[in-house]
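Peer 1: Have a look at this one before I ask anything.
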DNA sequence: GCGACAG
DNA sequence: ATCTTGTCGC
């Protein structure tokens, strides 16, 4: 791997310049290998934020049994938190830990869903886009709230969606992933189009708001399910 | 100058 | 993100 601590330990000003440069390398057309495994990634914190916990789950994709996905691998990686949360610079705070988790993975997914924005970002390099470039894998950003862009109100039925725009460009979509529930913000990261991103998010939707990959990664990264281990927690 | 602001 | 219990609704 390209070592370089300087790739992550940057002052805000340098980080912003790097984002602009990296954004020009993103591929917005689909360049995806036949999908058999989909990963989900999310970050959580412990020790009052001093420890960053990265969680990655890998689900088996079987068109025959879809939308039922099977959890086939999961990894949790902890390391000291390196910097505070700064809107627009989230990837510099969370990706280093995420890479630690991906390094321990045995199964290489063809697609990754990340808890955060793809190109729906002021400089078009949200955490999903940044991670996709680094791993050179297709990524989709699935955020629970908006960071950037404007949009009209979205219908209340599952599947309804409206474009998320920035000036003339469409940078993502506001998707009603579950009836009457707060919508999610879907935006392509690397090597995937918005249309295909929406297709995959829809295909991975159970009866919950979040698609299975990020829903499970979310639970693994979160502190809550950490102690309880009874019912469906048998998954972990 | 005044808000907005992923996780 | 995280601190935290119960509670309203399908």
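Placed from the backbone N, Cα and C atoms, the Cβ positions cover glycine too.
Where the annotation comes from TrEMBL, it is an automatic prediction and has not been curated.
The Mg(2+) binding site annotation in TrEMBL covers A:42, A:115. Here TrEMBL flags A:85 as site 'Interaction with target DNA'.
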Peer 1: State the Cα to Cα distance, in Å, between residue A:42 (Mg(2+) binding site) and residue A:85 (site 'Interaction with target DNA'), rounded to an integer.
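Peer 2: Cα-Cα distance, residue A:42 (Mg(2+) binding site) to residue A:85 (site 'Interaction with target DNA'): 15 Å.
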Peer 1: How long is the line from the C-alpha of residue A:115 (Mg(2+) binding site) to the C-alpha of residue A:85 (site 'Interaction with target DNA'), rounded to the nearest angstrom?
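Peer 2: Distance between the two Cα atoms comes out at 15 Å.
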Peer 1: Under a criterion of Cβ-Cβ distance under 8 Å and sequence separation of at least 6, what residues of the same chain contact residue A:85 (site 'Interaction with target DNA')?
Peer 2: A:93
Peer 1: If you count other C-beta atoms within 10 angstroms, which of the binding-site residues A:42, A:115 is the most crowded?
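Peer 2: Result for the most crowded candidate: A:42.
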